[in-house]
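Here the structure comes first, spelled out in structure tokens, and everything after it is commentary.
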Amino acid sequence: MNNQSLIDYVISEDSDLIPYGCNACLYKLKTFMTIGDESDEAYQNCRGTAILLRKQDLTAVTSTSFNLYGFTDVMITCMCIASGCDYAKSLKGIGLVSANSAVREAFETKKSPMSPLEILFGILFHKCHGKVNDDEKGSYTVSFIEALICFRHPVVFDGSACVFSNINSPDEQLMEFAPYAEIVNSHNIGHSNKRLESIVGELYPKELCSYVVQGVIDPKTWEIRNKNDDNPQRVQDCLQEWIHGKDIESGN
């Protein structure tokens, strides 16, 4: 919604919104209002402070050791992952500054037979502290690719169509790296794919999606809230149909 200009910004304490590609984020919001006063007037007069992070401003960040000039969304995401994130730990000795220079070198290398991601992994393994064996390299590559897919193609709710969908089309430069391309391609994005779903989550049927978004169905426990009160029988039928379909898929 933010990237489609349907809302001005997202309020969050999570800086991960930057590698997700969010256009504008209000970070570390602090509000000031009278404790215990929940009147409409109190909320209308509420004041606060926050740090506004805008994606368009990031590329203006320049210094002798850290420079985002010319960085694309993909490059910013790769830099954040390389320096360490919730989905992938960084290699020893790789922080934001070294990740920044590594990503720039990898993505701005011209006329190389290798993909930018292959070049990036080579640079990171060379720059990190200590030796990295082949098993560790393989494990790191997998976690990096899965983190990249989580940030670039998460499942989100499309309010205009009232469905869950994956955002962003496959990235041309990233598609040059086979392990990424095997999971993310034009046939998999927006369609049922077990490998992709195991990383970013499942695309629920439209009707089930609407019940989850409205809070009628708990997506963690799959319990129906207030099922004996005001929810229609159709909610229960919809959930059971989906569960039955999953059982058939798994052979149970």
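Note that Cβ sites are derived from N, Cα and C of the backbone, with glycine treated the same way.
Owing to the predicted nature of the structure, the values given are computational and were not obtained by experimental measurement.
Listed in TrEMBL for this protein:
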| type | residues | note |
| --- | --- | --- |
| DOMAIN | 1-86 | domain 'XPG-I' |
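Mean per-residue pLDDT, taken over the domain 'XPG-I' (1-86), amounts to 83. Break the domain 'XPG-I' (1-86) down by DSSP state and the numbers are 22 helix, 22 strand, 42 coil.
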